[in-house]
């Protein structure tokens, strides 16, 4: 019998023993003669030892009681506060009170002192823009890395690491002394946020009530427009009344308790991930991976194969397999038609939203001569962002949250939203524009929960962090990052903001068309699918559970 078959049999026997534990022997059974011992027992196979070690570790971790303080609702509340702080920081760095302006002088030689970051460090507009790009570089580079590490390290602890980096980097922005120091700190802020945006949504999806999954996701993503808007107000107030540095220092102080919480609380386990807190767990995962490759003829299994490799050698080889495992997971995502269509639609959608957020006030001022375009667009975005995001989640739950229904909602909301926004820019009346544009934004923001629901449920549980990370990277690299300069170039060419706004809004029709294709794809909800190793089904359960059987553990 080959070693790979032997390992498979052992896994089956141990799994059967976990499901049907042996009954303690009775007094009568003790009197039965035992078989004669073998004169020279053979040493145990190292691969069997590794598998049995992991099964024992898994059993002990699964039987551990849930933390008494954490409940799903508290988890949602904590993650919403953290998400709001993340996006509060994005609003702060863009606010006039913190970002500031350069020193200016009039024709009479009277100069007005510079303010904020730009004034203190004497940054030109290009350097000022680099601060935003530095943050995005850290975010986009680190997101896939944290998602990949979640297979080897506890995801909850990774969030703690990321929030710690975020806290220290934000404090570093407050004590920075020149352009390069604050640019490096902004990049590290992006690195810290990457762990949270990749891993928080799967935790919420695991522990949300079945009938309210998208509603919970909607509440989480509602914090994005709310956080940015609060950042504008908070940054402007602190910058004008105190000093822009205090804005960052206070942010760091507010995030510090949550960073500490990620280390002192008992770590939560994501659905689809075997506990990977020790070398034994990681080594046994490598055994399963090598066994699968052996069955496919990718590696040799014999006297010098898996069977004669000890746990230490297997653990060392696991480091070399990190990249190949990441490449394998990426291939799974890229050949998944449902995932690819969903992300492509999301890219087109974010292309428009990103340009709206940057150019919207200027377009409104030039088309309708708004004296308070900033307040007008900001107010409409906050209200419609909150109401639209929550409504999208509630509607999908009422429709029965499936991938097909999610695509129907994505198509319908985006298509109708595009019609209202397009019509708004055709109207010459300011009040008519505001009314139609508000309805359009309300519909457009209803897509936030459904699009992320598809990202989480069209892949197996162990791929959800990577799915969220690649989605985030894609919508920024191909969406809002290039959209603002491209719209600027187009406006320079046509020199007509109404035409530019209409052309930009028409991209929403492209997004709705892409999502329309998703309705006809065979989307399978893989939320309850086993992990790729299928070692222990008990690990597929979320750590936090609210049920009638164990109310004390909720």
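Each residue, glycine too, has its Cβ placed from N, Cα and C.
Whatever TrEMBL says is automated annotation, not expert-curated.
Per TrEMBL, compositional bias 'Pro residues' is recorded for 34-46.
Annotation source TrEMBL lists domain 'Major facilitator superfamily (MFS) profile' at 75-525.
Marked as region 'Disordered' by TrEMBL: 1-47.
For the transmembrane segment (130-149), the residues of the chain that approach it from at least six positions outside its boundaries are 90, 93-94, 117, 123, 158, 162, 182-184, 186-195, 197-199, 322, 325-326, 329, 465-466, 468-470, 472-473, 476-477, 481, judged by C-beta separation under 8 angstroms. Annotation comment: TrEMBL describes 130-149 (among others) as transmembrane segment.
Annotation comment: TrEMBL describes 156-177 (among others) as transmembrane segment.
Residues of the same chain lying 6 or more positions beyond the ends of the transmembrane segment (216-234) and with a Cβ under 8 Å from any Cβ of it are 76, 79-80, 83-95, 200-201, 204-205, 208-209, 247, 378, 381-382, 385-386, 389-394, 445, 448-449, 452-453, 456. Under the heading transmembrane segment, TrEMBL lists 216-234 (among others).
For 246-265 (among others), the entry in TrEMBL reads transmembrane segment.
Annotation source TrEMBL lists transmembrane segment at 338-359 (among others).
The transmembrane segment feature in TrEMBL is assigned to 375-395 (among others).
For 407-425 (among others), the entry in TrEMBL reads transmembrane segment.
Annotation comment: TrEMBL describes 431-451 (among others) as transmembrane segment. Using a Cβ-Cβ cut-off under 8 Å and counting only residues 6 or more beyond its ends in the same chain, the transmembrane segment (431-451) has close neighbours at 214-215, 217-218, 221-222, 224-225, 342, 345-346, 349, 353, 367-368, 376, 380-381, 383-385, 387-389, 391-393, 395-396, 406-407, 409-410, 413-414, 416-425, 508.
The transmembrane segment annotation in TrEMBL covers 463-479 (among others). Long-range contacts of the transmembrane segment (463-479) within the same chain, counting only residues at least 6 positions beyond its ends with a Cβ under 8 Å from a Cβ of the stretch, are 136, 139-140, 143-144, 146-148, 150, 155, 194, 197-199, 201-202, 205, 270, 272, 326, 329-330, 332-333, 339, 342-343, 346-351, 353-354, 452, 455-456.
Residues annotated as transmembrane segment in TrEMBL: 499-521 (among others).
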Return yes if the transmembrane segment (499-521) and the transmembrane segment (338-359) have at least 3 CB pairs under 8 Å (sequence gap of 6 or more), otherwise no. yes
Can you tell me which parts of the same chain pack against the transmembrane segment (246-265), counting only residues 6+ beyond its ends and a CB-CB cutoff under 8 A? 67, 69-70, 78, 81-82, 85, 88-89, 92, 97-98, 156-157, 159-161, 163-164, 166-168, 170-171, 173-175, 234-235, 238-239
